[in-house]
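Per TrEMBL, the features are:
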TRANSMEM  41-57  transmembrane segment
TRANSMEM  69-88  transmembrane segment
TRANSMEM  100-121  transmembrane segment
TRANSMEM  127-150  transmembrane segment
TRANSMEM  171-191  transmembrane segment
TRANSMEM  203-223  transmembrane segment
TRANSMEM  255-276  transmembrane segment
TRANSMEM  282-308  transmembrane segment
TRANSMEM  320-341  transmembrane segment
TRANSMEM  353-377  transmembrane segment
TRANSMEM  389-407  transmembrane segment
TRANSMEM  413-434  transmembrane segment
Amino acid sequence: MVVTELAVSRDEEAAALLVSADAGDARRGAGASSETRDTHLLSSAFFFVFLAYHAAQNLQSTVNTDGDLGTISLGFLYTSFTAFSVVGSPVVRRMGSRRALVLGTSGYLLFIAANLAPSWYTMVPASLYLGFTASIIWVGQGTYLTSAALSHARDNNLPEGPTLGSFNGEFWGVFASTQVIGNLISLALLRNGKDGESVTGKNLLFVVFLGCMIIGIVLMCLLSKRDEKRDIASTHSSFGAMLKYIVAPLKDRRMILLIPLIAYSGLQQAFVWAVFTKSIVTPVLGISGVGGAMAIYGASDVVCSLVAGRFTSGLHSATFIVSVGAILQAAVLFWLLLFYSPMEGVLGAAVPLFIGALWGVGDGVLNTQLSALLGLLFEDVKEAAFAQLKVWQSGAIAVIFFLSPSITLQAMLILMSTSLFISFGSFLLLTLVVEKPSTIRG
């Protein structure tokens, strides 16, 4: 009788353990489903918001020409972005990344709406406000995506480096496709206007963009709330403590060595928007060819982002991937500087498109690898790390927008080549001297 009772008790314990294990597996499965679902949602939301914004940004120097309103507005935008990026981190930490993403989208909505009645009284305030909300949305994006990726890795016993690379690859691949779709929409709706000056076509275009923004906001609202260790928010109980947290990554030599590459990533993006379209594409293909060239640039960016994300496993894989992108961009810069001159015919028309494709590879590389590395190296202060990313990126972008009207193409190419050389050297120093293989969680 006692033996029978003991056997029944052991059977009951085994059954309870089995039920518990099944429940744990179910929770892990639900967690994995939630994390991948949120990554799909986040990528889709940014797709709708930024297909509208990127296309609108590319058109600013064309549709808002009075007093260079479009270009100057973008200069104010990225200057504001740089200034407010300092406070983006504590704002996101207090609000949570999900609510920060929703609030951040409002600035892009207002900027698109301002383009329906462009003037100094609408565009400049909208640009300044967008600079503030952009600092929030991008810190929120980096924080949210990193949290989802690391949670997915822990719940499924996966290595963190490849998981971060995969999540960032998906996001940046979808994000890069905004350059393709947005520019094709612009090309279709403005096709009957001369250089984008058709008022009816322009207004219809920005109404369509407003609709895309609304879809993006709705998708942001569907994101799950993530556990981002906000229980340490008490460290920001005073302004001094908050400031100390923001500048904490600057005390880390790894961040110091990454900053030149972060700044270059901003320079090379602004080079495409402000210099490539104006000085390389337009003289050969005309303004009507800008949309096609940027669509090819975006398509190349998409493919490279997806591929680079899949191959990311840690610092050493990132070094190889970044090296490939840097070499391609260096080849383009030196060729433009030493040998390029506009040509006629089919070959002449193909050259700007080919340059755009190569440049898209470099942009895809930098976006995926910088985000993945910041998530790996600065997990404990990831909000502050992603804030630093946007401070230096947006500051570099503002520099190009303000410089491009007043310096020659040759001077700009020398500036870009020098910046690439310094930033890539600093990154190699990070790889060879500071970080050891054991310090990166593979």
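Every residue, even glycine, has its Cβ placed from backbone N, Cα and C.
Across the candidate stretches 100-121, 171-191, 255-276, 282-308, 353-377, the maximum count of CB pairs under 8 A to the transmembrane segment (69-88) is reached by 100-121. Touching of the transmembrane segment (255-276) and the transmembrane segment (413-434) is concluded from the presence of at least three CB pairs under 8 A, sequence neighbours closer than 6 excluded.
Same-chain neighbours of the transmembrane segment (389-407): 68, 71, 74-75, 78-79, 81-82, 85-86, 88, 131, 134-135, 138-139, 142, 259, 262-267, 269-271, 274-275, 278, 370-371, 374, 415, counting only residues six or more beyond its ends whose CB sits under 8 Å from a CB of the stretch. Among the listed stretches 127-150, 282-308, 353-377, the one sharing the most Cβ pairs under 8 Å with the transmembrane segment (41-57) is 127-150. Cβ atoms under 8 Å from those of the transmembrane segment (127-150) belong to residues 35, 38-39, 42, 46, 73-74, 76-89, 91-92, 95, 97-98, 100-101, 103-108, 110-111, 160, 163-164, 166-168, 171, 223, 226-228, 371, 374-375, 379, 382-383, 385-387, 389-390, 394 of the same chain, restricted to positions at least 6 beyond its ends.
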